[in-house]
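As recorded in TrEMBL, the features of this protein are as follows:
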type: DOMAIN; residues: 22-220; note: domain 'YjeF N-terminal'
type: BINDING; residues: 69-73, 134-140, D163, A265, H380, D448; note: (6S)-NADPHX binding site
type: BINDING; residues: N70, D130, S166; note: K(+) binding site
type: DOMAIN; residues: 230-502; note: domain 'YjeF C-terminal'
type: BINDING; residues: K418, G419, A420, D421, T422, G447; note: AMP binding site
Amino acid sequence: MSLGEKANNVAFSSMLLSVASMRKADELTISYGAPGIELMEQAGRGVAEKIMQIFPTHTKVLVVCGPGNNGGDGFIAARILLENSYNVMVALLGVADDLKGDAAEAAERWAEPMFSVGEINLEEFDVVIDALFGAGLNRPLDGEALDIVERINAAGKVIVSVDIPSGISGDTGAISGEAVRATHTVTFAAYKPGHFLYPGAAYVGELSVVDIGISPQTIEQVHEGLFANGPGFWQEALPQLEYGSHKYTRGHALVLSGGITATGAARLAARGALRIGAGLVTIAAPPVSVPIHASQLTAIMLREMASVDDLNGIIADKRFNAVVLGPALGVGNGTQELVAAVVKAGRPIVLDADALTSFAGSLDTLARLTEKTDTVVTPHEGEFFRLFNNENEILKGFSKIERAKFAANYLKATVVLKGADTIIAAPDGRVCINTNGTPLLATAGTGDVLAGMIGGLLAQGMSSFEAASAAVWLHAEAARNFGPGLIAEDVPEMLPTVLHKWHVS
Ligand SMILES: NC(=O)C1=CN([C@@H]2O[C@H](COP(=O)(O)OP(=O)(O)OC[C@H]3O[C@@H](n4cnc5c(N)ncnc54)[C@H](OP(=O)(O)O)[C@@H]3O)[C@@H](O)[C@H]2O)[C@@H](O)CC1
Ligand SMILES: Nc1ncnc2c1ncn2[C@@H]1O[C@H](COP(=O)(O)OP(=O)(O)O)[C@@H](O)[C@H]1O
Ligand SMILES: [K+]
């Protein structure tokens, strides 16, 4: 199952828990009276039920347990599978006498022999349960741990990972040396960031979440503003058509165009804005580009913009209620001035591509502008590092989430840090990780379409964090619906199909 299909799961909850907040949720639930071993019983049962679902007829299962509570879940799963007449063998990394707390209790409840990982021949089994490390992974794998992970990966069996594939950081998706390549992962209470962040996300396989008795109120209590992007997160905030809507109530997006050899990007953005539902979309273009646009455009309108004064004149019309600047606009002072003019007019803006690169080396000038108006910036990694070049010392060692958060706070803007695992960060500290990214989007111009789509949602009055999150998800969903052969032009044209599927009017 792909990440996108995970997000399409109706039961999908958008709250993600960091490793620390999951630990807090465990502790709180235990303090409310649920013994830790009971949570572990539920976790182990969830894993055993996944195996019974994949293999309804009995099969040979190897459970590889680590030295902590992840291993504890493994012992429970082993016992439940045995009780259901599965052929089960348990291998332990380390020695049973060193097990502590709930894991020791879980091991006690496994009355059968325990083997050491070195003794096991993986060829004898149909499925391997990876219960080596979960939330407690705290250093790179080496020695016997690394060896067993490599053997599990080489065996070519069905692999069900407990909580997260061993070797992946639950907070960042980073891999310390090596990680288990799972075919399925069963996690508990809520998804974790590491399930969706690369490189780890590629190791997760089909992902499911099991209720282990941690209440939604407890999850909410420990939640630190991390979300998984999917319709559940923004569907209610999407603009809806009402009886009596007219084109101006649906908003008027303005897209600024570059010069004669660089007009396509603005048209892609404009088409994205129109298809996502803006009532009107206008391109403002330098005089040399006007004839080219005029020969290409139909529903999208066109204005001539020879100077910043012309732009000031255009946006004096208050009905332009969102502006997209950047796609192929040109790098330099001229672009900085255009951004300043739109900020002065107080319109929500999307700053992409050249509008960001134009501020490389003058980040503080950009920050003074972006803090003044509702802004979404949409850098890919290259644009991000060009822009934040002087902050490299601070950013060193930051995860992608931390970088996006830092930028959102610095610029007082919503940051869309693009890539396979696009992250959307709000200036108030909330962060949303996209879940349906697809390499189909790795083709020229799709970023321009995304900038336009965000602008189209802003024009319809959606707030920036939700608008950016919705646009990122719908953008990838459009690409998935089109499939192989996708080029940027196809993304806006697939939007009606996607919007229809998600019951968006
Ligand atoms: N009540 C609860 O809390 C519940 C928890 N639940 C489950 O518990 C899991 C978290 O358990 P956990 O905190 O015990 O951590 P876990 O992932 O088992 O690893 C810790 C051990 O691994 C070791 N170790 C670490 N890195 C290593 C390395 N690279 N190479 C070698 N060793 C390494 C580390 O060693 P140490 O640092 O102590 O030397 C320690 O011994 C969570 O993912 C979920 O599955 C569920 O049952 C629901 C209820
Ligand atoms: N491998 C990938 N997986 C998922 N999404 C990708 C991948 N490569 C690119 N994308 C997406 O495609 C878009 C490309 O945007 P950008 O880099 O600005 O390109 P352009 O400037 O050509 O429009 C972004 O939305 C990005 O997240
Ligand atoms: K694991």
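Glycine residues also receive a Cβ, built from the backbone N, Cα and C atoms like all the rest.
Features as recorded by TrEMBL, highlighted on the structure.
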residue	record	Cβ neighbours (10 Å)
N69	(6S)-NADPHX binding site	26
N70	K(+) binding site	25
G71	(6S)-NADPHX binding site	26
D73	(6S)-NADPHX binding site	34
A135	(6S)-NADPHX binding site	24
L137	(6S)-NADPHX binding site	24
D163	(6S)-NADPHX binding site	27
H380	(6S)-NADPHX binding site	16
A420	AMP binding site	16
G447	AMP binding site	25
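Within 10 Å of the C-beta atom of T422 (AMP binding site) sit 27 other C-beta atoms, taking all shown protein chains into account. Proximity to ligand 2 (Cβ under 6 Å from any of its atoms) holds for none of the binding-site residues N70, A135, L137, D421. The highest number of surrounding Cβ atoms within 10 Å, among the binding-site residues R139, K418, is found at K418. Proximity of the binding-site residues G419, A420, D421 to ligand 1, judged by a Cβ distance under 6 angstroms to any of its atoms, singles out none of them.
Here nothing among the binding-site residues S166, K418, A420, T422, G447 falls inside 10 Å of the CA of G71 ((6S)-NADPHX binding site). Here the binding-site residues are D130, D421, and the one with the most other Cβ atoms within 10 Å of its Cβ is D130. For ligand 3, there are no nearby binding-site residues; that is, of L137, R139, H380, K418, G419, D421, none has a C-beta under 6 Å from one of its atoms. Candidates A135, D163, K418 (binding-site residues) were compared with N70 (K(+) binding site); those inside 10 Å Cα-Cα are A135, D163. Highest Cβ count within 10 Å among the binding-site residues S166, G419: S166. In the three-state DSSP scheme, G447 (AMP binding site) falls into the helix class.
Of K418, G419, D421, G447, all annotated as binding-site residues, the residue with the shortest Cα distance to A135 ((6S)-NADPHX binding site) is D421.
Apart from N70, D130, S166, the K(+) site neighbourhood in this chain, defined by C-beta within 8 angstroms of the site C-beta centre, holds V64, G66, G71, G74, A131, L132, F133, G134, S161, V162, D163, I164, P165, V180.
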